[in-house]
Each structure stands twice: as C-alpha cells, then as structure tokens.
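Peer 1: According to TrEMBL, the domain 'ABC transporter' annotation covers 40-282. Per TrEMBL, transmembrane segment is recorded for 377-398, 410-431, 460-480, 487-509, 515-538, 604-625.
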Amino acid sequence: MASVNLEMPPMDYGIRTGNQEVELNAVKGQMGSKTRGVSLTWNDLWVTVSTRKSGRKAILQGLTGYARPSELLAVMGPSGCGKSTFLDALAGRLDFSTRQSGVILINGHKQKLSYGTCAYLTQDETLLATLTVKEAVYYSAQLQLPDSMTKSEKIQIAEQTIKEMGLQDAMNTRIGGWGNKGISGGEKRRLSICMEILTRPKLLFLDEPTSGLDSAASYYVMSGISRQKEGRTIVASIHQPSAEVFNLFHSLCLLSSGRIVYFGPASAAIQFFARNGFPCPRLQNPSDHFLKTINKDFDEDVEQGSAGRKPTEEVIDLLVNSYKSSEEYHEVQNQVAEICQQGGEILEKRSHANFTTQGLVLTRRSSVNMFRDLGYYWMRFATYVAIALGLGSIYYDLGSNYRSVEERGLMVAFVVSFMTFMTVGGFPSFVEDMKVFQRENLNGHYGCCTFVIGNTLSSIPYVLLISFVPGAIAYFLSGFQNGFGHFIYFELVLFTSMMIVESLMMNVAAIVPNFLMGIVVGAGIQGLQILSGGFFQLPSELPDPIWKYPLYYMSFHKYAYQGMFKNEFEGLKFTDDQFGKNRIMSGEDILRERWQAEMAYSKWVDLAILVGTLILYRLVFLLIIKTNEKVVHARKASTSILSNRSSQIMAKSLPASPLHGLTSFDDSPTING
C-alpha cells in the first residue's frame, strides 16, 4: 500500500463572483482564517445499545480510522451495518440509549464540534415546501452569517453557494411537497447541503445523501459534494453507489455488522478483495461486488442456489481477520498516530446573526410560509366563514324572549368549543415547522427563544383574520348585543381562545411529533377541557374529584364561556313568555341562575385570565423545546467515554497538550474488544 500523503492544502474560504473574490474572513474576521483544515481520527470506537434479552448489543466494534482535509471518505456497508450510528458517534449525536467508548480526536485534540465548524446532513428532508430555492438559502444565510457582514454580502454568498451546487436553474422554483410539485429529489438533497455549507464548515457529515435517488441524480449530488471537498473534511455514508460515484471517493470504510472489513484508499479495495479470494468480476460495479460479498441477510434464500457457497458469516470473518493482519490495517494505525502527533488548531465557535436579526428573519420566513401554505390558515379560514354563515342563518336575529336565552348560550358554546376545536387542523403544519426547527436548532442555526418569538409574531395576523371575519359574520347575523365594545370583546375572546388552542397543539407537536397520535392527543385534551368548562354540565353539577377540582379551573373554556356570557347578557332584559308568563328577567339574574357565572369579578378578568393562559402555554412550549435542546447537548456531553484500552493505545501518540473534551467522561463501564 502506497504511503498516504499527509500534506494538507490550505482551506479556501473565498467566494468568487466574476473577477472578484469575497473572503468570508475578511468581514471583521468573523468567519475564520485560512487554515490547513481539520483531521478527524477515531481509535477503538465501540457503540453498544441495551437490549431486553442480552443486556447490551454492540452496534460498532472497535473501529479505527481517520478522515483528512480535501478528501471524501465513504462509509459503505449493507443495511443495518452501523453506518448512521458511526456518523452519529463521530458527530456526537448518539442518544441516551447508546453507550460509546473510544477516542475521537480533532487535529489531535479532544474538542467540541462548535457552531460553524461542523455540519450534519440527515437522511430525512426537512425543508419548507412553500419557499423557493433562493429564498430557502437566503433566509438560512441571514440566520447563520454574522451581523458584521452586510446584507449584499450575505446575498452574494447565498447565490454563489447555490451555483456551486448546480442549482442556479432552479433558484426561483419552489421546493414543493405533497400536492405541490417542485424541485426534484436530487435538487432537494443539494439544497439541504447548500444550507449547511454557508458558513464553510471544516467538517461535513452526510448520512445517505443519495437515498431515494436514481443513479443519475445520485451522481450529480455526489459530484456536487466532491466539488466542495477542497479544504473540507467530508465523511459520507452511502448505501450502494454506482461505478461513477464510487470513483469520486478518496477513502473507503467498509462495514459489516459493525466491524471494519476494509479501510483505506477506495481504489485499493478491489485488490484487497481479490487478494483474499473474492475478485471483482470484469465490468461489474465494485460497490455491488463488495456489498454482495459481505451481505448475510439473504443466506437462507434457497432461490439463490447457494449450494457449495461459503456462508457469508465465514466470509466476513475471513475478510475482517485478513484486514486486521494486513498492511492496510498497520498503515491506518500509523496514519492515526501520525495525525495525532502533528496536532493542529483548536476549533473556535463562529458567531452568527444576533437575537434581533434572527427573530426578524424567522418571523418573515414563517409569515411567507403561512401565507403560501393553503392548509395552514386559508382552508381553515374558508371553513370558518362557511360555519359562521351557517350559525348566523340558524340563529338569525335571536330577539329577547326566553328561547333566545338558550339560543345565545348555545351560540356562545359552539363558538368557544367547536370553532376553536377546529384549530387542530393546523397540526400537520405545526409538525413540519417543528421538524425544520429541530434540524436547524441541532445544527446551531438559532435558539429556542427566537423560534418561539418568530412563530408567535408571524401567526398573530392570520389567527386575527380567521377569528375576526367569521366572528363578525356570526355576531351580527345572530343579533348579539349592540355596541362596538361588546363586539370587540367577543372578538378578543375568540382570538385569544384560538391562539391558546394553537399553543396547545404546538406543545403536543413538540412532545408527540407523530401526525396521527398528535391529532388524537390534542383532540382528547380539548375534549376534556370542553366537558369540564361549565356549559355541558353546570359547575354545581360537576363531580368534585377531577372534574371540578382541578379540571374546571384549569380549562380555558370556563373563562371563555363566562366572559362571553357576561359580555352578552349583562345589561339586557328578557321576557319570560313560557306558560303564559310575561315576567321580565335581567341578564344578571340569568347569569347567576341559568349559567351559574361567577359574578364577583368582571368579564375583563376572564379575558385577562385567558391572556395569562396563552402566555403560560407559550412559555410551556418554550420550556419543552428548551428542555429537549438541553437533553441533546447533555447527550453529546455524556454518551462518549474513554476506554482503558483506547487510552493505552493512544497514550504514546497523543501530544502533551491538554485534551479539550469533545464529550465529557462518565462512570459507565468500559467496553473492551
């Protein structure tokens, strides 16, 4: 095996536009300086997961290797071999159900993967379907790039990045999604990469960037990635690349059942397999041959005519043992030790846009998304208008007789209960927003507070629209109490109630991101609040345990019902024309006797309690996502431990400088090979 050149070319942060070159680091030094890049090494990396039957199961078993600047390392292997887990371990994204041991070093140091130094592209596409390619990248640039850069410089970088990924012809095309055709799958993958490389990160992790794409689209995606390798360390898991894509790889890490079958130059893998008795047939794709040789999922398939073939498990063991005793394995050990001895810079967190800028950008982006997404508010608006017309025609001109007392109560109950209940229709859009937020927050684009503020501010005009217009139609057709103040109060209660339900469904989306389960949970919570709100069963008739205490006082419907009742009945006189009577009843008597309203305080107190409930729900939403964020960071800081065996192996090769923790150590049991 030929020696591997350790020369690391300088990282170019320049963005060329015409004859000009815009240096990112030239703008007040915010984006870093030219360096030789980042070298990533890992030694004796183990990842295990707890199981009910066997206690713990090894997902990755003693992996050792490296990734260097200006090179593309491909991680290949059959489904379930541990490719995604391997990338998650390197990027510090493993969850609490896993336990990790081994040494992961960046430039010979243990250090954090701070914002701007690392980017991670997941398999799932999480993009706002209503935005165009240009808008998506531009908004992302506004969020990520520092305020020391001018708006024109950010636009220039965004457009240049789009051109680098070959998306210039689709700049003004919407991303598209269900029911709205947009850019192709390959273009979506390249767009996702665009949004992650705006800060010119030195480390780029790609999890199945060609998943779901045909061979042509896969090649265009990977060739676009390959063009971005200069000065950047790229690690990509890929399932089954074509021959053209395979030729783009510099290094290959071939996994099977969590073990390394081969690590080294991609071009030398064919000789390794041939040397061990598994030559690649002529004109066959090398990656197809490798995966077919080490895939044991179909050993029992009798239709394959496997008589006389050696069991795949034996083949894998043979290749793994051959690799461990080969020159390639010793060369990898030497390269890891040499990279660690050379050391390098400590990566520093880069700055991004400030809180105010991010809040404004998120508000604007969310507003554009809400305006263009028909299912977010417009379909609900049309439905609300239709229902309001129905209510107005059914309860047209209620009058002031005894029957109108019940009809006014039913009208208020329907508006408060069912018109707000229909806000669950926006749950699918909430879920998509949460997916985008979780990806961008995990990659450090912005924080939880800016997301909550931006989402709240952008939703207020639309909720005001879908509450004001239908509310006005129902209010005036039914002949509710005259007076501008009464009408405004009615609208304020309806608007606040809708905002409360939206906040409730966002809390559900943050906890239960599954669409069907979220709808069921959100509808169930609202159903309990409606039942205990004091209309369908009067407060004095509610059972004391649970229903009266605490549900009755926790339900926002209680305060919406009573506020609207007071707004509607106070100051009016009604004629009791039942059974030949003509007794005059005051609205206050009806409130006390018929609706059992609490008259010790005014309707404005009920509205104030509703506003407080809205603020509380939004704060709970912030608390939930903030807790999830802290859990993710705690997970990064606790899942990796330094094993005794790895410490002994690396002790001689590590520099004398102190270690800067990529992940902090814990007292978990050490996993040895």
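Just so it is clear, glycine is given a Cβ too, placed from its N, Cα and C backbone atoms.
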Peer 1: When you scan the chain for residues with a C-beta under 8 Å from the transmembrane segment (487-509), skipping those not six or more beyond its ends, what do you find?
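Peer 2: 415-416, 419-421, 423-424, 426-427, 430-431, 433-434, 455, 459-460, 463-464, 466-468, 471-472, 475-476, 480, 518, 521-522, 525-526, 556-557, 560, 563-564, 567-568, 603, 606-607, 610-611, 613-614, 617-618, 620-621, 624.
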Peer 1: For the transmembrane segment (410-431), could you work out the same-chain residues 6 or more beyond its ends whose Cβ comes under 8 Å from its Cβ atoms?
Peer 2: 370, 373, 375-377, 379-380, 383-384, 387, 391, 395, 398, 470-471, 474, 478, 480, 493-494, 497-498, 500-502, 505-506, 508-509, 513, 515, 518-519, 522-523, 526, 530, 533, 535-536, 557, 560-561, 564-565, 568
Peer 1: Across the domain 'ABC transporter' (40-282), what does the mean pLDDT come to, as a whole number?
Peer 2: 88
Peer 1: Excluding the flanking five residues on each side, which residues at least 6 beyond the ends of the transmembrane segment (377-398) place their CB within less than 8 Å of a CB in that stretch?
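Peer 2: Residues 370, 404, 407-408, 410-411, 414-415, 419, 422-423, 425-426, 462-463, 465-467, 469-471, 473-474, 476-480.
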Peer 1: Is the transmembrane segment (460-480) packed against any residues at least 6 beyond its ends, judged by a Cβ distance under 8 Å, and which are they?
Peer 2: 367, 370-371, 376-377, 380-381, 384-385, 387-389, 391-393, 395-399, 408, 411, 415, 419, 486-487, 490-491, 494-495, 498-499, 502, 568
